[in-house]
Amino acid sequence: MAKTQKYVYFFGGKKAEGKADMKALLGGKGANLAEMVNIGLPVPAGFTITTEVCTYYYKNNHKYPKELKAQVLNALKKVEKEMGAVFGDPKNPLLVSVRSGARASMPGMMDTILNLGLNDVTVQGLIEKTNNPRFAYDSYRRFVQMYGDVVLGLKPKDKHEHDPFEVIIENKKHSKGVKLDTELTADDLKELVQEFKTAIKEKTGHDFPDDPMEQLWGAIGAVFGSWMNERAIVYRKLNNIPEWWGTAVNVQSMVFGNMGEDSGTGVAFTRDPATGENVFYGEYLFNAQGEDVVAGIRTPHPISELAKENPALYKQLDNIRKILEKHYKDMMDIEFTIQQGKLWMLQCRVGKRTGFAAIKMAVDMVKERLISKEEAILRIEPNQLNQLLRPIFDSEEKKKAVESGRLIAKGLNAGPGAASGKVALSAQDAEEMAKNGDKVILVRIETSPEDIKGMNAAEGILTARGGMTSHAALVARQMGKVCVAGCGALKINYADRSISVEGRDDVYIKEGDYISIDGSTGEVILGKLETKPSEVIQVLITKTLDPKDSPTFQTYNSLMNWADSIRRLKVRTNADQPDQASNAIAFGAEGIGLCRTEHMFFGENRIMSVRKMIVADTVEERKAALSELLPLQREDFEGIFRVMKGYPVTIRTLDPPLHEFLPHTEKEINELAQALGISYQTLKAKIDSLHEFNPMLGFRGCRLGVLYPEITEMQARAIIEAAINVMNEGVKVKPEIMIPLVGHVNEFKLQEDIVRRVADEVMKEKGKKIDYLVGTMIELPRAAVTADEIATRAEFFSFGTNDLTQTTFGLSRDDAGKFLPLYVQQEILPADPFETIDQQGVGKLVEMGTKLGRSSRPNLKVGICGEHGGEPASVEFCHRTGLDYVSCSPFRVPIARLAAARAVLNERTTKTTKSKVAAKPKAKSAGKTKAKAKKKSTK
Ligand code: PEP
Ligand code: MG
């Protein structure tokens, strides 16, 4: 006979029918209630109707499976037995709550009914049991009101409609001459119940159901029905919760925290969810119901006070806290009620937490031997590390600012962290204001190389234009600055030194006014907001804190050491200054994956020499400019080699998109003309002749060195001379020279030949030999698809996924900020491809390039140095694709280290799951063979 399907799971007493890993069937709430019973915690008895019933209900025109009724009645009997009360009994009535409970928590989205089972007869039983008529009638009127709203549909449809029950309550208070609900007497509340029922009859044409069983089925139907209410549908969509999951329904005995001074209610976390401290954290109120705590009508007391107010109860609760953590091996969020001195657990689930707390708790739990290092690593989202590394806003202050309308715009979250300061509209102003001791936010339409000093002086950078890999974004990240880019709503007016904001006529910001930016969320907030510096930075970077005095640093350090012991991918950094390189080393970088030599000419007078080189008309002029640059470059490389102490240093030959480097303003043109000893007009004409319609696809990368070999010659000389000089100081050096924007192997050959020729010359001159590599960036689709040819010559590849994304999508990286956010909003693209690698498109080229490259050079070293190298999902992709290293900005090095370790662990899980799946059919067929053999033998 076929076994009847089980739709109802009882919990209560000492044993439940469900358990924690049955969330899909029982929902999160039901599964955890069952689990709490199983581990011996006091839970008011009840039962869970499974999510399968919900699915059935929607598939079958709001009907239930035929077995359901009997199973509910059976479970209800068990509940009655457990609680020593009877549903609908006039003397000793059992009251229940009916609540939803989906697999994932959907707070407040679905319906709940409390105190179910009350009618004019059972309320008398409740009065007798509690000896508290006011409490009994208050429970009754709350029940009728909730039931009327939720089950009978009297709930107002929007905020403009009045809740009919609230109107009746207001009238009652008015007629009794009182202000507060709590001032209404038992008789007043009794009258309210009748008035509520009359209103229900008037609105629906039906009497309020007095039969508790009818009430129960009505409530169950309403909760299942609320799975499809508009709020729930929208919430599911936003949180990727599939509709087919359905909700479970939990019917549970009521316990009351408002039955006098020996009763109460509370919510708590087993550790502090904000700081991660291992302390009991929560609030409680005596003589109150849960909603009083949540609604903020009365101020609850911190849980620590319970230790003084009722030590026995506190001890019991604290013991439960320990049991829960030991069992779940995580921080739990609990709800409890004390009814006349007895403690009951109403809910527990894994608690939400800040990134900071997540890290501290995971590391502490490894030390407490609750979880393994691997579990700790898998529990922390790499970007949560930002909360240990970057300055952050005080969350309360920020919340207040947002609530008071100070959040004025949102851009791209281009450089994480929080910064607050006075608006400076030019780099020069930023520098001056910073010199005067002000904290500054540099606000520009977009940034250019001249802004570098201002960017350095500022706490944060805000731009109206540009995408995630625009100049502002990548320079800011490399410097470790907070940055919000591409904030199109800002209308920046340089002429009258002001900013207005689209859609906010009430906002007008002048230079010098305070502004705050959150580079982790892209938010721009009016006015000043306090920021908190990070201890890890104080230890590692500013060296103003002793690691011994910083438990936070120790936590960070343990986590990083564990990650390093697991990861396979190496992590390098993108740095072009010795200080950036040494920051990166402090963060654990194992080399430089990209030194952008053109960045070395930002600021001071160096940009002038680059400009002279760009506008030179003859080889002689260019060589003269290059000879100014040679010593500067050599010195810079020496600085970097010294800091990197034998770690590999990938130096890229010049790749300056001309529009970034040419002078724009009259003043800049004049200065350059003077330096060159030519007229403004002559220079202007030259600049105009260099104008390009698509500079990002124009005269940049190796094209520059192909046309002007003397540039590559100078750079190769500077690198090799610097390497030998530093080697002579006794420091190991490992230069890797990288040719950018190669599309054809012939371009590479030309450049490689120059590099090798000059290297030989220098080594001969200096009488010293050094090992060095010559490789290329793969940042054009053609390079990826002809990677086998290129690898016949190139000794290493580094994927420049900024340009590779730009050229694969045909999407300008500087202008994408204008419409990409909309693409993401409308789900045309799942994410900004300049932020996280487009695995299906750009990623395919990376895979293909790696495979092809290694097909002709099996030991080819392959890395990535686009901005994706510090983004966790992209790092995981690089691990799976078999790259040797990722390279990212210094402050993202720890994030990449953690992401690389998680990649290994996730890969292990996938492999185990896959091998399990693969093993299954085998086991089945083995079983079948056995069964067949048995059949044969019985024959
Ligand atoms: C790239 O294109 O990914 C890259 C690293 O080079 P750049 O950002 O300097 O063009
Ligand atoms: Mg590039």
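Every residue, even glycine, has its Cβ placed from backbone N, Cα and C.
Just so you know, TrEMBL annotations are computer predictions that nobody has curated.
Taken verbatim from TrEMBL:
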| type | residues | note |
| --- | --- | --- |
| ACT_SITE | His471 | active site, tele-phosphohistidine intermediate |
| BINDING | Arg596, Arg652, Glu779, Gly800, Thr801, Asn802, Asp803 | substrate binding site |
| DOMAIN | 24-61 | domain 'Pyruvate phosphate dikinase AMP/ATP-binding' |
| DOMAIN | 63-302 | domain 'Pyruvate phosphate dikinase AMP/ATP-binding' |
| DOMAIN | 314-367 | domain 'Pyruvate phosphate dikinase AMP/ATP-binding' |
| DOMAIN | 438-522 | domain 'PEP-utilising enzyme mobile' |
| DOMAIN | 557-902 | domain 'PEP-utilising enzyme C-terminal' |
| REGION | 909-939 | region 'Disordered' |
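Sequence-distant neighbours of Asp803 (substrate binding site) (same chain, six or more apart, CB under 8 Å from its CB) are Met696, Leu741, Met777, Glu779, Leu780, Arg813, Gly866, listed in sequence order. With a 10 A radius on its CB, Arg596 (substrate binding site) counts 21 other CB atoms from all the protein chains.
Sparsest Cβ environment among the binding-site residues Thr801, Asn802 (other Cβ atoms counted within 10 Å): Asn802. Secondary structure of the domain 'Pyruvate phosphate dikinase AMP/ATP-binding' (24-61) per DSSP, as helix, strand and coil residue counts: 24 helix, 4 strand, 10 coil. A separation of roughly 12 Å, to the nearest angstrom, links the Cα atoms of His471 (active site, tele-phosphohistidine intermediate) and Arg596 (substrate binding site). Sorted by the number of other CB atoms within 10 A, the recorded positions His471, Arg652 start with His471, the lowest. Across the domain 'Pyruvate phosphate dikinase AMP/ATP-binding' (63-302), the model assigns an average pLDDT of 90. Sequence-distant neighbours of Gly800 (substrate binding site) (same chain, six or more apart, CB under 8 Å from its CB) are Pro740, Leu741, Met777, Ile778, Glu779, Cys865, Gly866, listed in sequence order. Residues Leu594, Asp655, Pro740, Leu741, Met777, Ser798, Phe799, Leu804, Cys865, Gly866 surround the recorded substrate site, their Cβ atoms falling within 8 Å of the Cβ centroid of Arg596, Arg652, Glu779, Gly800, Thr801, Asn802, Asp803, which are themselves excluded.
Listed by sequence, the residues of this chain that lie at least six past the ends of the domain 'Pyruvate phosphate dikinase AMP/ATP-binding' (24-61) yet keep a Cβ under 8 A from its Cβ atoms are 5-18, 68, 72, 75-76, 78-79, 82-83, 96, 99-105, 220, 224, 227-228, 244-255, 320, 323-324, 327, 342-349. Cβ contacts within 10 Å of Glu779 (substrate binding site), excluding its own Cβ and spanning all protein chains shown: 28. A Cβ distance below 6 Å to any atom of ligand 1 is met, among the recorded positions His471, Arg652, Asn802, by Asn802.
When the record's substrate-binding residues Arg596, Arg652, Glu779, Gly800, Thr801, Asn802, Asp803 are compared pairwise by CA position, the greatest distance found is 15 Å. Residues Glu779, Gly800, taken from the recorded positions His471, Arg652, Glu779, Gly800, Thr801, are distinguished by a CB atom under 6 angstroms from ligand 2.
In the three-state DSSP classification, Thr801 (substrate binding site) falls within a helix.
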